[in-house]
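Trainee: Questions regarding the structure given below will be posed in turn.
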Amino acid sequence: MSVYHAAYIDYALRVTENMTDVMTGSETVTLKSYQHFVSRVFLGLDKMHSLLLFHETGVGKTITTVFILKHLKDVYTNWIIILLVKKALVEDPWTYAITKYAPEILKDCIFITYDDKNFHNKFFTNIKTISSRTRLCIIIDECHNFISKSIIKEDGKQRPTKSVYNYLSKNVALHHHKLICLSATPIVNSVKEFVMLVNLLRPKILSNVSLFENKRLVNESELINKLGAICSYIVTNEFSIFDDVAGSSAFARKTVYFQYVNMTQKQEQVYQKAKLAELKAGISSFRIYRRMAATFTFDAFLDKTDKTPEEVANEQITLYKDFETFIKTKKFSEHALSQFKRGQSLGGTSSADDISFLNELRERSCKFTDVCLRILASPGKCLVFEPFVNQSGINILLLYFSAFNISYIEFSSRTKNTRVQSVAEFNKRENTDGDLIKTCVFSLSGGEGISFFSINDIFILDMTWNEASLRQIIGRAIRLNSHVLTPEHRRYVNVHFIVARLSNGDATVDEDLLDIIRTKSKEFTQLFKVFKHTSIEWIYEHQTDFSPVDNESGWSALISRSIDENPTTKRVPHVVKGQNIWYSHSNRLIAVYKGFKTDDGRLFDSDGNFIQTIQDNPVIKIHNDKLVYVLD
């Protein structure tokens with residue numbers, strides 16, 4: 001049925017044939033061809049009420065959206081633009097971009113922050129003041145966050161944001177409004193987010209039944225058939241975050257490293273106490289105590305049993321101040337720092353004080369110590385991701401930076417008033433090599449809405465619960481032309497996953513979280529494929545045999561067809577001959593997977609999903625006594 005969608009895309013392009021690709025305000029910008037294409041389709045089809053911009057970080061989805069907003073009055077006279085964004089993104093990029101390229105629409109814009117506790121009240125207060133003769137254009141930036149806040153909790157209680165979600169899904173198409181959702185990672189935590197996003201864009205088209213059976217999408221073709229033109233898909237990096245990616249003239253090369261560091265005996269003892277405390281408290285599934293213990297340990301485990309929050313807070317402050325005092329009384333010699341910068345260990349020519357200080361730092365945190373040494377040895381600027389701010393997180397990490405004489409900025413929840421300016425200083429041309437500011441340490445606050453330039457090394461100190469968050473974090477440093485000022489031999493980004501290990505070989509919390517991320521990503525990859533094949537770009541390129549249309553009268557009926565989640569066509573199992581093998585997408589064997597290769601060369605993963613056909617004379621390497629096929 002995508003051939004019919006192609007006819008309407010063609011119609012939109014004919015209607016907007018003379019639309020300029022230049023946007024001028026106080027400054028002028030010329031849109032890239034893919035930005036102009038999206039804009040023409042969305043503006044050329046007045047009845048296209050909604051569109052997802054599934055664009056990877058750095059390709060300019062904000063500029064694309066501002067261009068569309070600037071040209072809304074080409075379609076209709078009276079518009080009010082409602083931008084639903086995170087508070088941190090109101091000023092930059094949104095107000096900044098609109099003021100720069102479309103200042104005339106600023107008076108028609110209403111910013112409402114969906115991370116405000118009174119968000120739903122502010123939204124409906126504004127809605128009541130808008131004339132019924134006025135059309136709305138609603139922008140939802142980082143829409144995965146909005147969707148996440150709209151999901152009903154496990155206790156069945158509806159979250160306030162859900163009332164806004166319900167209003168939009170009911171009224172956008174009904175009252176001839178327009179909706180644009182933006183995200184580089186539209187699915188983050190669960191498949192339910194996909195269902196909710198689809199039903200926001202195409203109301204009631206998808207029911208809440210399971211889309212998967214044994215981790216395989218039940219009816220991919222039906223979804224692709226009915227969801228045609230639901231999104232614009234600009235994603236050049238479709239690799240897993242764990243895969244190496246070759247560079248290009250516009251993008252830096254990415255290489256992934258797993259840095260396994262062994263906990264010290266002291267750290268292991270505290271880690272085991274943390275594990276026991278989680279079991280007693282019934283919070284072992286969150287792994288919070290173990291995550292903190294694997295990162296940093298004080299001289300003793302902070303047991304919260306039978307203590308008031310105030311007592312716990314006071315004890316934490318005391319432990320922190322004791323460690324801070326210890327750091328301030330110590331200092332590495334210039335000789336030691338010079339060795340660290342050359343990537344060398346302390347040896348026979350090193351002083352006893354330097355060796356003792358390094359051992360004491362490592363005893364409390366194998367991860368922080370390892371990262372500091374790698375930062376000093378890096379030839380350029382570095383990013384360090386640490387999700388925890390207080391306790392054993394950024395608070396302590398900055399003391400380690402002080403000990404190793406590492407210059408830094410901090411982008412976290414506690415630096416809201418200064419962090420935007422700090423990033424601007426960090427990104428300055430004169431700091432391309434990190435001579436002025438070596439490192440930016442950031443929490444989850446740094447995952448969205450910001451860009452970093454000329455980064456050479458990223459250190460992931462603690463895992464998030466999903467690949468999407470990590471992808472966004474990495475994507476902030478590998479963007480279109482992000483390394484244009486960097487010397488050619490340094491146009492690369494090394495991504496280091498810092499993984500703590502136990503001496504007895506038991507899996508640590510770091511290794512557990514890696515497994516969780518990989519399991520989730522299998523289902524998400526299949527849903528992202530649906531978005532790709534239903535995108536306006538894919539349809540326009542692949543569906544060329546269509547009969548042109550002269551109006552858009554049939555568009556609404558085309559996109560309103562409900563999806564049959566119980567198809568009559570079922571998969572018929574076939575028995576094939578072959579063998580179990582190991583395979584990897586990386587020549588460096590970063591991640592090795594178990595699969596099945598048929599006698600005719602087809603490769604399937606452990607869940608039965610087809611991967612690719614293995615060519616004659618494949619590359620095979622030996623890894624941990626296994627023969628591993630290296631895929632092209």
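Cβ coordinates come from backbone N, Cα and C, glycine included.
When I checked Swiss-Prot for this same protein, it listed these features:
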BINDING   HIS55, GLU56, THR57, GLY58, VAL59, GLY60, LYS61, THR62  ATP binding site
DOMAIN    42-204  domain 'Helicase ATP-binding'
DOMAIN    367-532  domain 'Helicase C-terminal'
REGION    457-524  region 'Binding to the cap-specific mRNA (nucleoside-2'-O-)-methyltransferase'
MOTIF     141-144  motif 'DEXH box'
Trainee: How many neighbouring Cβ atoms, not counting its own, are there within 10 Å of the Cβ of HIS55 (ATP binding site)?
Mentor: 23
Trainee: Hey, does DSSP put THR62 (ATP binding site) in a helix, a strand, or just coil?
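Mentor: The three-state answer is helix.
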Trainee: Quick one, of the binding-site residues THR57, THR62, which Cβ has the fewest other Cβ within 10 Å?
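Mentor: Looking at the binding-site residues THR57, THR62, the Cβ with the fewest others within 10 Å is that of THR62.
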Trainee: With every protein chain in view, what's the tally of Cβ atoms within 10 Å of the Cβ of LYS61 (ATP binding site), excluding that atom itself?
Mentor: 23
Trainee: Write out the long-range same-chain contacts of GLY60 (ATP binding site), meaning residues 6 or more apart in sequence whose Cβ is under 8 Å from its Cβ.
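Mentor: The answer is LYS32, GLN35, LEU480.
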Trainee: Going along the chain, which residues six or more apart from GLU56 (ATP binding site) have their CB under 8 A from its CB?
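Mentor: Counting only residues 6 or more apart in sequence, the Cβ neighbours of GLU56 (ATP binding site) under 8 Å are ALA184, ILE234, VAL235, THR236, ASN237, GLY475.
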Trainee: What are the DSSP helix, strand and coil residue counts for the motif 'DEXH box' (141-144)?
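Mentor: Final tally across the stretch: 2 helix, 0 strand, 2 coil.
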Trainee: I want the residues beyond HIS55, GLU56, THR57, GLY58, VAL59, GLY60, LYS61, THR62 whose C-beta is within 8 angstroms of the mean position of the ATP site's C-beta atoms, in chain order.
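Mentor: Surrounding the site, in chain order, are ALA184, ILE234, ARG479, LEU480.
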